[in-house]
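Annotated in Swiss-Prot:
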- Tyr134, Asn200, Lys208, Lys243: 2-oxoglutarate binding site (BINDING)
- His190, Glu192, His278: Fe cation binding site (BINDING)
- Cys236, His242, Cys308, Cys310: Zn(2+) binding site (BINDING)
- 386-397: compositional bias 'Acidic residues' (COMPBIAS)
- 512-523: compositional bias 'Polar residues' (COMPBIAS)
- 16-58: domain 'JmjN' (DOMAIN)
- 935-991: domain 'Tudor 2' (DOMAIN)
- 370-414: region 'Disordered' (REGION)
- 423-442: region 'Disordered' (REGION)
- 480-598: region 'Disordered' (REGION)
- 689-747: zinc finger (ZN_FING)
- 752-785: zinc finger (ZN_FING)
- 808-865: zinc finger (ZN_FING)
Amino acid sequence: MEVAEVESPLNPSCKIMTFRPSMEEFREFNKYLAYMESKGAHRAGLAKVIPPKEWKPRQCYDDIDNLLIPAPIQQMVTGQSGLFTQYNIQKKAMTVKEFRQLANSGKYCTPRYLDYEDLERKYWKNLTFVAPIYGADINGSIYDEGVDEWNIARLNTVLDVVEEECGISIEGVNTPYLYFGMWKTTFAWHTEDMDLYSINYLHFGEPKSWYAIPPEHGKRLERLAQGFFPSSSQGCDAFLRHKMTLISPSVLKKYGIPFDKITQEAGEFMITFPYGYHAGFNHGFNCAESTNFATVRWIDYGKVAKLCTCRKDMVKISMDIFVRKFQPDRYQLWKQGKDIYTIDHTKPTPASTPEVKAWLQRRRKVRKASRSFQCARSTSKRPKADEEEEVSDEVDGAEVPNPDSVTDDLKVSEKSEAAVKLRNTEASSEEESSASRMQVEQNLSDHIKLSGNSCLSTSVTEDIKTEDDKAYAYRSVPSISSEADDSIPLSSGYEKPEKSDPSELSWPKSPESCSSVAESNGVLTEGEESDVESHGNGLEPGEIPAVPSGERNSFKVPSIAEGENKTSKSWRHPLSRPPARSPMTLVKQQAPSDEELPEVLSIEEEVEETESWAKPLIHLWQTKSPNFAAEQEYNATVARMKPHCAICTLLMPYHKPDSSNEENDARWETKLDEVVTSEGKTKPLIPEMCFIYSEENIEYSPPNAFLEEDGTSLLISCAKCCVRVHASCYGIPSHEICDGWLCARCKRNAWTAECCLCNLRGGALKQTKNNKWAHVMCAVAVPEVRFTNVPERTQIDVGRIPLQRLKLKCIFCRHRVKRVSGACIQCSYGRCPASFHVTCAHAAGVLMEPDDWPYVVNITCFRHKVNPNVKSKACEKVISVGQTVITKHRNTRYYSCRVMAVTSQTFYEVMFDDGSFSRDTFPEDIVSRDCLKLGPPAEGEVVQVKWPDGKLYGAKYFGSNIAHMYQVEFEDGSQIAMKREDIYTLDEELPKRVKARFSTASDMRFEDTFYGADIIQGERKRQRVLSSRFKNEYVADPVYRTFLKSSFQKKCQKRQ
C-alpha cells in the first residue's frame, strides 16, 4: 500500500468514502490513515472503514449484561421546521440488560420502516416526541486483551504526547468511551474538542446514521447556526461545542450548504477529520466505542481551534509540546506570534516525518516492557455544585484547574474483590456523553479493560458526550478551562450591542439639511474590529495567527488523585430549562403596574411632556399633523447614535431607563459633533434569521444575502428623510447603492406615510401587501408579521395578526393618544401581560434581544429587568455588631432585629467520587486528616469525608472559602444565625417579596406567632370549637363517629 503523491486534490466532490483494507494493511493504523487521506477521504470530514472479516475486537458480547450505565440521559428536543435544540436530563443508573429491555420496549423501539430513507423521514418527523434515553460516557473499552489492530484504547498516535509528556489523561479524548444507544438517540452538530480526529467503532446492534459537512465548508454552517440561534451565538461564539443544536438536511439544502450522509453498520469504523462538523442518530439498541486521536496535520488545526468561552469545563490542550516536538523549525516563530500559516483543508497528512519517527522510536523503547499492560484508573466520587471557583496547580507546564464538572464512577469488581472506581469527566469522541459509573461483575472483570497507565487514575465527570462526542445534561460539569487566549481577539458573527455613550447623543434645535448627514451615504466604520481572524475565529482558511507563548502552556484539566493529572472532556449544557412558551402566545392583559405606566396626561391637550424618553417624540405621534421636517430632524439625529442604523436600534435603544431624566435630556440636547463623510461598514445587530420567521421563507435566499464576507454591511442614508440603515437590514441590492439614494418611502414621495403597526412616525419604512406602510423594526418584532420577499424586506404581510393582539393596549402611549391602533408585543417573561408597541418600547428603553429559533425577539419589561449588580453591591456593605437590620424570622415573616455577633467559618470545597460537589464541608468532617491541627490538605489530594448520614465518602480537596455568619436577635428574644445575603440594612431597598412579608413585632399576646417550628410540627395546632348551632346534634361516642365515617367512604366508592 503506497501513499499516493498527487498534485491536484482528490475527491473534489467531498463525498464520504468507504475503505476496505486487507489484514496486512489493517495492522498499521497511522499508515492506513495517511493512505486514506492521500485518496481525499479527509475532504468530506468523515470516512468509513470496513475491517477485514477475520478481524474481531471481541469474541463474545454475551457477558456484558451486568455492566452498569451509571448516568443515562434522556434527550428532550424542542423546536420546529428543521431547527431544534436538544436538552439532556440525567436518569437513574441501569445495567446494559435493563437498558436493552427499555430500548426494545414498545415505547422506545424502532418503528417499522421500508428502508433507511423512510426511517430518516420518521426520525425528523418525530424528533420532538418520546424523548429517548442514551447510555453514554462510560469510561472503558470492551476490546479483548490481545487485540492490537485498531485498538481504540491504544492507537499510538501523536495525541499520546499529552499523557506521556505531561502525565495528563483526558477521558474520552485520549481514553476510550462506551455508548449504548436506542432509537432516536442523537449527537448534535459539532466538531471534536480542539478539532481533533475521532474514531468510532460500532460493536453490535442497530446501525447509526451520520451527517457530515466538509471542513472547507464548516464556516458556512457556523454562520447559518449563528443566524438561527442568535441568542446562543451572542452568549458563546463557539456555542456549537455545546452539542445542543440540530439542523435538518432540508434546511442545509435550502441554504446550499454541502453535506453528505452515510449509515454505519455493526462491525464498521467511522473516522472524523479535523474541523469536520458531523451529527447523527441511532436506529435502535446498539453499543459503540470511540475516542480522539491526532496526526501531524492536526497540529495546525489545534493552534486555531475555536473554543467555548462561556464554560470552564471545555477541553483546552496546550499546543506548545506539539509544536516543539513535531514542528521544531516553526517553534520559535510560533512562540513570537509570527507563525502565520494558512490551513489547506485539501492537503493530506504525511505518512511520517523525521520528528514523528524519532518520537516513535523513543516510545517503543519505553513501552516494550509494558506493551499490553492496561489497568483500571482510580477515581473519586462525590456530589457536585453548580458553580465553583477555579483552583489550579502547575504540573509540567500544564495548569490543572478545579474540575467544575461532576464525575461518575466506573466500578470494576476484581477477583480480589477490590472495587476500582473510575471518574468519567468529559466525553470526547463520537458519542453523546453522560457522566457515568459502571459496575462490572467479577466474571466481567477479565474481559473489560480500562484505558490508562498504572500510574494514572481516571476521572469521570457528569458530562455527557454526544454520540460521537459529548452532549449536555441538566447538571453542571467538571471544568476543563477553555478560556481563549487574551492576546488573540475573539471575533463572532454578531457583536454584542454596545451601550450608547451619552456624549454621542444629540438633538438639534432645528431641522438641518439632510445633505449634511447623508452626504456620502452615511457610512460608519468600527475602528475596533480585528483585521485578522484569530484563535476564537475557528478554521477559516486564510489567517492562522500564532498564539503567544504565555497562553500556550495552559492545558487546564481537573486534578486527579495521587498526584496524577487526569480529566475528561465534558459537553453538557449548564442547568437550563427548555423553553415552555409559544412564539404566538398572547397573555390576557391586566391593569399595568404603576412602575410601568406613569400617569401622564394626553399630549393632545398640549400639556408639557415630562418623560425624558418621550420628549424627542413630541412631534412624531400619529395623532399629530404630519411633520416631515420633524421626521428628518429625528432621523438625522439618531443616525449619529450607535448603532447608526434605524433598524438595528431595535436591540440598542437610545434611551437609558436607568439614567436620570436630566441625563437623558442632556443626551438629546448635545450638538452633533461632526457629520460622517466617509463610507464605512459595521456589523448589523439583528441576525438574518429574525427576518425569516417561518421555514416557508427559507427558500428565498441564503442568510446574510447583502452582507460582506466579514459579516459587515454598508451604512447608507436617505437623501431626503435622512434615515440611516444597513444595506442588509433594509434589503438594498448593491446595484442600487449610490449617492442620493432614496428609501422606499421617499421614492414614492409618501411624505405622510405612517406605520400601521405602531403610533409613531419616522424611522425606516417599507410598504405592506395591503398598500400601507410599516417600520421594518416593527415587522421584525411582531411575531405574526412576515416579509414575503425576505432579502429585500418588501411586501410585508400583516394579515395574520390575530384580533387578540390588535386589542392589546400600549402601556406607554395609551395616555398619550386617544385611539387604539397598531399591534402590540408583550414581555417574554412567563405570562407577563405588559404590552407595548415596538417603537414605544424602544423609545422608552425596554430591553429587546434576539432569541433562538423559533422565537424572534426576547422582550423584558421594566418589571422583570434584573440588575445583577444590585444584590452584589448590597452584600458589599459592612454590617457591624449592634446594628439594626431586617431578616426573616422562623415564622417566615421579616422583622427588624439587632446584630449580636459576627462569626466566620471556614468551609472546604471537595468533589466526591460520583462527581457531586460541596462548598460547605466542615474541616472536622474530613476524617482522613486532622485538618484542625495540620491545616487543609493539598489541592487535589484524596480525602475521606464523613457525611451527615454517618457514612464515609471518597473525595478530592479543591480549596476553601470563608463564610460570615451573623447572629441576630428579634424583639421576642429569639436568635438565629443568618448569612449576609439574607440580611437587609435599613438603607437598602427591600425586594418586593420582602416588603410583602415585612411586619412590625407586636406584644406577646400571640405567643405562637414566634414559634414557627412548633406550628409546623403541629404541636400547637389550634383546637376546633364546636359551633353552638350544632351542639344538640353532636354525638360524643367515638364508635358512632367511626361508623359514620366508614359509611361515608363506602358511599363515595360506589359513586366512583
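A Cβ is built for glycine as well, from the same backbone N, Cα and C atoms used for every other residue.
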Problem - Distance check against His242 (Zn(2+) binding site) for the binding-site residues Tyr134, His190, Glu192, Asn200, Lys208, His278, keeping those with Cα within 10 Å - result: His190
Handout entry: Residue among the binding-site residues Cys236, Cys308, Cys310 whose Cβ has the most other Cβ atoms within 10 Å
Key = Cys308
Completion exercise
Same-chain residues at least 6 beyond the ends of the domain 'JmjN' (16-58) with a Cβ under 8 Å from one of its Cβ atoms are 1-6, 9-10, 142-144, 147-151, 155-157, 201, 203, 210, 212-216, 218, 260-262, 264, 267-278, 295, 297, 345-346, 348-352, 447
Problem - From Tyr134, His190, Asn200, Lys243, His278: binding-site residues whose CA lies within 10 A of Cys236 (Zn(2+) binding site) - result: none
Handout entry: Separation of alpha carbons, His278 (Fe cation binding site) and Cys308 (Zn(2+) binding site) (Å)
Key = 18
Completion exercise
Looking only at the binding-site residues Tyr134, Asn200, Lys208, Lys243, Cys310, His278 (Fe cation binding site) has its closest CA neighbour at Lys243
Problem - Helix, strand and coil counts within the zinc finger (752-785) (DSSP) - result: 6 helix, 9 strand, 19 coil
Handout entry: Integer average pLDDT (0 to 100) for the zinc finger (689-747)
Key = 78
Fill in the blank from the handout: DSSP puts the residues of the domain 'Tudor 2' (935-991) at 3 helix, 31 strand, 23 coil
Fill in the blank from the handout: If we take the residues Tyr134, Asn200, Lys208, Lys243 that the record assigns to 2-oxoglutarate, their largest CA-CA distance in Å comes out at 18
Completion exercise
For Zn(2+), residues beyond Cys236, His242, Cys308, Cys310 with C-beta within 8 angstroms of the site's Cβ centre include exactly Ser232, Gly235, Asp237, Ala238, Phe239, Arg241, Thr309, Arg311, Met314
Problem - Which listed residue (His190, His278) has most other Cβ within 10 Å, given these are binding-site residues - result: His278
Practice task
Please name which of the binding-site residues listed here, His190, Glu192, Cys310, is nearest in space to Lys243 (2-oxoglutarate binding site), Cα against Cα.
Solution key: His190
Problem - Rounded inter-Cα distance in Å - Glu192 (Fe cation binding site), Cys310 (Zn(2+) binding site) - result: 17
Exercise for the section: In whole Å, note down how far the CA of Asn200 (2-oxoglutarate binding site) lies from the CA of His190 (Fe cation binding site). Expected result: 15
Completion exercise
Whole-number Å distance separating the Cα atoms of Lys208 (2-oxoglutarate binding site) and Cys310 (Zn(2+) binding site) is 31
Exercise for the section: Tell me whether Tyr134 (2-oxoglutarate binding site) sits in a helix, a strand or coil according to DSSP. Expected result: strand
Completion exercise
Row Tyr134 (2-oxoglutarate binding site), column other C-beta within 10 angstroms, all chains, value 33
Fill in the blank from the handout: CA pair Asn200 (2-oxoglutarate binding site) / Cys310 (Zn(2+) binding site), Å rounded to integer, equals 28
